[in-house]
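Chemist: I have a structure here, written as structure tokens, and I will follow up with some questions on it.
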Amino acid sequence: MSEHNPYGTMHATTIITVRKGGKVVMAGDGQVSLGQTVMKGNARKVRRLSKGDVIAGFAGATADAFTLLERLEVKLEQYPDQLMRAAVELAKDWRTNKYLRNLEAMMLVADRSVTLAITGNGDVLEPEHGTIAIGSGGNYAFAAARALMDTDRSAEEIARRALEIAGDICVYTNHNVVLETLDAE
């Protein structure tokens, strides 16, 4: 437990993005845990931004993530149809701004052409194998998705199955899956 939060650490979620077969799918589970307690099982941590042209998912402190999503929306308005540029500008602000520097969250964002992970360390990472995952069950979901990429399964089927596997292993991930899909280039 921290001195500021008597309930312990907030653990929340698994988010995965899969790009395959002309589709990009982002999926997230719905669990929010506070310490050893499941506070909510149907949270929506994957959503559309920028008039539906961008999908975003977050892991970490919810209020921090919403702050970052709002800032990303502003960057997308400044740099329309330039997700990479908007993400880099957000990461620069996140790293250098005294207030933003303390935000505890990670984000995955995707549009028709690119998928990115954005961190508070100033990282903007593009996956090389068509999939990337974050959050408490991110490594499990990522490994499962990588194993399924060579099968005949669709991007949606891979994302859903990867989250199911993560939910079977990670106590901070449940099986309430929310999916968003875009046509990819």
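Backbone N, Cα and C define each Cβ position, glycine as well.
Feature annotation from Swiss-Prot assigns active site to Thr13; the stated evidence is sequence analysis. Taken from Swiss-Prot, the feature Na(+) binding site applies to Gly167, Cys170, Thr173.
Relative to the rest of the structure, where do these features sit?
Modeler: DSSP gives Thr13 (active site) a coil state; it is part of no helix or strand. Counted within 10 Å of its Cβ, the other Cβ atoms near Thr13 (active site) come to 31, all protein chains included.
Counting only same-chain residues at least 6 apart in sequence, those with a Cβ under 8 Å from the Cβ of Gly167 (Na(+) binding site) are Thr14, Asp29, Gly137, Thr173, Asn174, His175.
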Chemist: Please report how many Å separate the Cα atom of Thr13 (active site) from that of Cys170 (Na(+) binding site), as a whole number.
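Modeler: One finds 9 Å between the Cα atoms of these residues.
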Chemist: How would DSSP class Gly167 (Na(+) binding site) in three states?
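Modeler: It is helical.
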Chemist: Let me know how many other Cβ atoms fall within 10 Å of the Cβ of Thr173 (Na(+) binding site).
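Modeler: For Thr173 (Na(+) binding site), the 10 Å Cβ neighbour count is 30.
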Chemist: May I ask which residues of the same chain, at least 6 positions away in sequence, place their Cβ under 8 angstroms from the Cβ of Cys170 (Na(+) binding site)?
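Modeler: Listed in sequence order, they are Thr14, Ser136, Gly137, Tyr140.
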